Amino acid sequence: MGLAATRTKQRFGLDPRNTAWSNDTSRFGHQFLEKFGWKPGMGLGLSPMNSNTSHIKVSIKDDNVGLGAKLKRKDKKDEFDNGECAGLDVFQRILGRLNGKESKISEELDTQRKQKIIDGKWGIHFVKGEVLASTWDPKTHKLRNYSNAKKRKREGDDSEDEDDDDKEDKDSDKKKHKKHKKHKKDKKKDKKDKKEHKKHKKEEKRLKKEKRAEKTKETKKTSKLKSSESASNIPDAVNTRLSVRSKWIKQKRAALMDSKALNEIFMITND
């Protein structure tokens with residue numbers, strides 16, 4: 001790397017493998033498992049032979065095989081059933097020639113090929129349903145046949161049970177219908193009562209509004225009468241103003257008509 005390359009810093013924590021958490025015995029999961037009898041070093045799984053004793057690790061899936069295919073290959077049904085190698089049948093035939101069992105091995109391989117073709121894409125697997133458990137005889141491997149008398153008795157009992165059930169259903173339906181009718185009547189009564197109550201409230205509000213309107217009209221009339229009386233009692237401001245002005249005009253005229261008064265105003269002396 002030259003000096004022009006980008007610098008990348010790597011920082012490692014104090015515990016990169018997280019051993020502090022795995023060795024911590026005070027956490028909830030560790031104490032919870034110890035209550036059920038688990039101890040450090042024991043595995044977790046369905047069977048003690050296939051249980052995991054180490055931590056769960058991430059594995060990279062670098063093939064196009066479906067999930068669980070590798071585990072299925074490990075489960076061998078017989079010495080020929082192993083799908084890990086493509087040319088295993090040829091190898092088995094070579095071993096058969098060396099051991100002198102070529103015919104048995106070839107027959108087994110042929111049956112396996114036929115089974116693969118049958119169980120291929122269009123293969124059909126028959127699965128017995130749990131419904132046939134009562135009619136299936138495991139000793140004779142055949143279906144059980146019951147007599148007609150038993151069937152008739154069962155049919156008669158079933159018919160009686162059905163009649164009783166029908167009567168009970170009818171009675172219950174009648175009771176439900178009656179309850180439904182009562183419930184409807186109660187609802188109608190409640191609606192009527194609510195409507196009457198609303199009407200009564202509306203009438204009370206209307207009467208209150210009318211009384212308020214009458215009171216406001218009376219107060220307006222009385223206020224108008226009082227204002228008219230007060231206006232009649234107010235003196236004429238215009239007349240008083242004119243009387244004062246007329247007095248002032250008279251005094252001014254008298255001063256102008258008097259020569260002595262004019263001389264005093266203009267500060268004229270006779271000397």
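Yeah, the Cβs are placed from backbone N, Cα and C, and that goes for glycine too.
Of SER26, SER59, SER106, SER230, the one with phosphoserine in Swiss-Prot is SER230, while the others lack that note in the record, though it may still apply to them. Per-residue pLDDT, averaged across the domain 'G-patch' (25-72), gives 81. Same-chain neighbours of the compositional bias 'Basic and acidic residues' (204-221): none, counting only residues six or more beyond its ends whose CB sits under 8 Å from a CB of the stretch.
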